Amino acid sequence: MAWRGHLSKNIKELRFLMCQTSPASSSARAFVEKNYKELKTLNPKLPILIRECSGVEPQLWARYDLGVEKGIKLEGMTEPQIFKVLEDMVKAGESFKV
């Protein structure tokens with residue numbers, strides 16, 4: 001999983017949106033709690049934003065070069081599935097590079 005150390009090469013910003021209490025956001029909350037520190041340590045200059053709002057569906061948004069954004073709904077996903085989504089977003093970022 002060496003790609004985790006290269007997030008900032010292809011992505012300009014990551015945003016996790018989730019509800020603080022809903023069961024639908026539980027896997028996204030668990031993912032952030034377990035992995036935020038490592039991702040931030042490996043990518044210290046990459047803004048990783050955690051946005052909590054009551055009742056919101058869990059989502060992951062990536063902002064690329066030229067302001068291009070891509071969002072994925074995380075409801076019902078497990079931690080490995082969220083990692084796969086994040087890896088796919090990093091790979092997609094290669095096509096948006098200037």
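Just so you know, glycine gets a Cβ as well, placed from its N, Cα and C.
As recorded in TrEMBL:
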- Cys19-Cys53: disulfide bond (DISULFID)
- 20-93: domain 'Ribosomal protein/NADH dehydrogenase' (DOMAIN)
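Cys19 (disulfide bond) is surrounded by 18 other CB atoms, counting those within 10 A of its CB over all protein chains shown.
When pLDDT is averaged over the domain 'Ribosomal protein/NADH dehydrogenase' (20-93), the result is 94. In sequence order, Leu17, Met18, Cys19 make up the list of same-chain residues 6 or more apart from Cys53 (disulfide bond) whose Cβ falls under 8 Å from its Cβ.
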